[in-house]
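Visitor: Questions regarding the structure given below will be posed in turn.
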Amino acid sequence: MQADTIKQEIRRLLKERNAVLLAHNYMRDEVQEIADITGDSLGLSQEAAKTAADVIVFCGVHFMAESASILSPHKTVLLPRRDAGCPMADMVTVEGLLELKARHPGVPVVTYVNSSAAVKAVSDICCTSANAVKVVNSLPDREVIFVPDRNLGQFVAKQSDKAFHFWDGYCPTHERLKADVVARLKAENPDALFICHPECNPAVVALADHACSTSGMYDYCRKSPAKRFIIGTEAGILYKLRLENPDKEFILASPALVCPNMKLTSLEDILDALTTMAPVVQVPEDIRVQAKRALDRMIAIPRD
């Protein structure tokens, strides 16, 4: 089947199923192109909860579909590729986190949304890369346990006076970007600003003109008078950056910045999911209620 035919059939089935198609910023270009809404993981889940759709087709990875299920328990959540996981989310287990909590009794657990529903359920509050500093600094406690991303945790710690206990997790894709590669690119492109995600190694973040979430990158690059940018996050972000800023140049900091899990989902997978109404992601109610509490505490923190 031709790509255009597949897209037409996807649109037809979305209407027939009263479904909304969500695509994360790191998805393949053609998936972002056909999506009803693109964005970061939590933002997409929140948008989906607001819609009148009965079905959410989440083009992302497993923990993202779980978040959609947590916030929209009465909607059917489809994850076109059941095998689309997140290595960083898999690095932290409930058992391991409970052991860490036992070693630091009374210390609140701040959990990055890039984590499983089960881990969120034994956490005190969640955070995103966009609001992590604000979430941590909103807590009255002098110490925090931060899971699972040590790189984001260190980025936050530099902007907080609290003591941190880090889980030793990381994003393999962002970790592949090395400081020497960035330094060389910056030297070769002195007029370009280097923008990176705080999931990058601290040595890379130290070289950045600006470090922020994916949604922050769109905003920063749109408003900046600069015309050239070196981008230090997953390659999928380039699609929308170039679409929104046709007069600007975006250079991917490394060809290694490709997440294999984010690239699994194809148009054919989306069509199959809508045709068969599977695979469904549904978080068990006891875990859902506890995980939602941690998400709700984060959402309750006022935005700037």
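Every residue gets a Cβ built from N, Cα and C, even glycine.
Feature list, courtesy of Swiss-Prot:
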BINDING   His24, Ser41, Tyr112, Val113, Asn114, Ser129, His197, Pro198, Glu199, Thr214  iminosuccinate binding site
BINDING   Cys86, Cys171, Cys259  [4Fe-4S] cluster binding site
Visitor: Roughly how many Å lie between the Cα atoms of Tyr112 (iminosuccinate binding site) and Cys259 ([4Fe-4S] cluster binding site), rounded to a whole value?
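Guide: Roughly 18 Å, rounded to the nearest whole number.
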Visitor: So which binding-site residues are near Cys171 ([4Fe-4S] cluster binding site), with CA atoms within 10 Å, out of His24, His197, Glu199?
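Guide: Final answer, ordered: Glu199.
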Visitor: Taking the Cα of Cys86 ([4Fe-4S] cluster binding site) as the centre, which of the binding-site residues listed as His24, Asn114, His197, Glu199 lie within 10 Å of it?
Guide: Asn114
Visitor: According to DSSP, does His197 (iminosuccinate binding site) fall in a helix, a strand, or coil?
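Guide: Assignment for His197 (iminosuccinate binding site) reads coil.
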Visitor: Can you see whether DSSP assigns Tyr112 (iminosuccinate binding site) to helix, strand or coil?
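Guide: Note: Tyr112 (iminosuccinate binding site) is in a strand by DSSP.
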Visitor: Suppose we draw a 10 Å sphere around the Cβ of Glu199 (iminosuccinate binding site). How many other Cβ atoms does it contain, all chains included?
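Guide: There are 27 of them.
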Visitor: Determine, from DSSP, whether Cys171 ([4Fe-4S] cluster binding site) sits in helix, strand or coil.
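Guide: DSSP assigns Cys171 ([4Fe-4S] cluster binding site) to coil.
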Visitor: Once the DSSP letters are reduced so that anything not helix or strand counts as coil, what is His24 (iminosuccinate binding site)?
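Guide: Its secondary structure by DSSP: strand.
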Visitor: Which are the residues of the chain, Cys86, Cys171, Cys259 excluded, whose CB is within 8 A of where the CB atoms of the [4Fe-4S] cluster site average out, their centroid?
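Guide: For the [4Fe-4S] cluster site, the extra neighbours are Val61, Pro87, Met88, Ala89, Asn114, Pro172, Thr173, His174, Glu234, Asn261, Met262.
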Visitor: In the three-state scheme derived from DSSP, which category covers Cys86 ([4Fe-4S] cluster binding site)?
Guide: coil
Visitor: Please state how far apart, in Å and to a whole number, the two most distant Cα atoms are among His24, Ser41, Tyr112, Val113, Asn114, Ser129, His197, Pro198, Glu199, Thr214, the recorded iminosuccinate-binding residues.
Guide: 18
